[in-house]
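Okay, so here's the structure we're looking at.
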Amino acid sequence: MTQILSRISNPGDLQRLSATELDQLAKEIREVIIQTTSKNGGHLAPNLGVVELTLALHLVFQSPKDKIIWDVGHQSYVHKLLTGRYNHFHTLRRYKGMAGFPKRSESEHDVFNTGHSSTSISAALGFAFARDLKKEDGAVIAVIGDGALTGGIALEALNHAGHAGNDMIVVLNDNEKSIADNVGAMSTYLSRIRTDPRYFRNKEEVEEIVRRIPSIGNHVLKVMEKMKDSFKHLVVPGILFEELGFSYLGPIDGHNLSQLREVMTNACRLKGPILVHVLTKKGKGYGPAETNPSVFHGVGPFDVETGKVKKHLGPPTYTQVFSDTLLRLAREDERIVGVTAAMPDGTGMTPFARAFPSRFFDVGIAEQHAVNMSAALALQGLKPVVAIYSTFLQRAYDQVFHDVCLQRAPVVFAIDRGGIVGDDGETHHGLFDIAFLRHIPELVMMAPKDENELQHMLRTALEYEGPIAVRYPRGTGVGVTLDEELTTVPIGRGELLRQGSDVTIVAIGAMVGIAEEAADLLEAEGIRAAVVNARFVKPLDKELIIKQARETGRIVTVEEHVLAGGFGSAILELLEMEGVHCAVRRIGIPDEYVQHGSVSVLREDYGLTASNVARVARELADADRSRASIRMAPPAPIKIAFRGESR
């Protein structure tokens, strides 16, 4: 099946292959990617669309001397296969296996880590500046999709790169034809002329000859320039890039390997910033992915023959419950509007968009704009719900502070993927939102213990007259019955789920269920553990927490979030401010990035399990009962098995 691919240990091996063998290699690459993602899940459609493009890049350029930066990184699988990682490709996105995104620690060919969108052009310009300052050689290439090009940072980088004028190449992988649709003989001919260095040399020679014509030379040049500009505006879709200072080449058929090689070869001979516009088809070579590219953009395990995604039977996902509840509430209140940043499917906003198209705003990959715009919507009496992944909300931090909270604009943040998300790894885990949101004045933040509480919290958020966030995890709910009638949750009120006199376990969000399981384990040992569902990160239920601290003298906090600045830190701050002496242990994520792997495996690795919570509570209950001071657990003397402070 992989007679050629299995022999590729580095990009240089491609030079020995004939055109026929390269075509066969492209087929083998597609087959390996399809088979692997069908088992492991992953970004299938983007990678199938860049097979020929990636081959052309590695045939023309010499990685890693020539630096190729993959924007977002969704489309880096082909690159990984061509850079000596074929034998490990079966571990893609598996725990301690190959990452699903470029990773510098994985290969010298991965020159810049990516995972979030629109960063490649900035990185490429930085590499170009460094190369020129150090008087080194080597090309720099950024590969960016038309979707990622909507990101503000990408446009900022284009503006700077065009002004700076350093040699670099931006490959625009246009797989939705959102910029142009003019592929054909004329565009191919124009591209060949404009990518040939002789065009630039002849252009300069002609200009010099005309300039020497007595009296009228300069005038003729101006007329010629106007004619050229008019012609370019008529037939060349890249005039925007040329106005920014780039030489525009394209559009190019992204599945014609020989044409891609020719254009890339000519592009690397040109001076200054170059933009190569390549048209590709997402999902190329696999029928189901070509038909439904959005479904197969990021997909779980699926049946290769039928293309059907393997769905796990069970409770609805938190995203689905959010989606259904929002739709239900929006039918009752026409002031509710939905906002997302290029993630309508992932955030569950698609049903809302279909039901209320005039009340739905997909702003593209522009989180800052989404939040800023939502503040204005809220100040005009509407009820904007910004549905966004936790990791992507980081991009709009200043807007949350400056445009929403400072004005106390009643914007609802539906923060999806709060916590460990699994196989996409460190760039996608939502482990920092509590820390970067809870210290902003005026912002209320809550997290439901289950899917039923989520729907009540969404109603609460939409009735609250100020900025408010609801944080919920990826994946299925716990399987509780969903109430028909939606009620509001009192702001800042937690819930005592279980009485106990020996120790109190205070948990937030999805960790509440684990805390209850831990209490069951402790009860079997004769240890009476109280369990508190905090519900609110901010404001905390001061009365309940202080009461429990004084009654039991011991608190264990549990959060699926970093310990630094997190929920446990908020509890410690509260106890210190109120002068309450209580032994405290915090369980959460330490000061490190969490790698990729299944949610269950990673929770086990970091001690976010009932058995570990019970162990920590047991040790605390058996320890010195003195309440003279708030104590922290000592750091682990060996490699952390349960990577919280609670080792």
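Cβ atoms here come from the backbone N, Cα and C positions, even for glycine.
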Record says G115, H116, S117, G147, A148, N175, Y286, E367 bind thiamine diphosphate. Source is Swiss-Prot. Which of H74, H79, H402 does it list for that same site?
H74
Of H74, H116, the binding-site residues given in the record, which has the fewest other CB atoms within 10 A of its CB?
H116
Using DSSP reduced to three states, classify H116 (thiamine diphosphate binding site) as helix, strand or coil.
coil
At 10 angstroms around each C-beta, which of the binding-site residues D146, E367 has the fewest other C-beta atoms nearby?
D146
Quick one: pull the CA-CA distance for N175 (thiamine diphosphate binding site) versus D146 (Mg(2+) binding site), whole Å only.
7
Pairwise CA distance, E367 (thiamine diphosphate binding site) versus D146 (Mg(2+) binding site), rounded so that it is a whole Å:
17
Any idea what the Cα distance is from H74 (thiamine diphosphate binding site) over to D146 (Mg(2+) binding site), rounded to a whole Å?
13
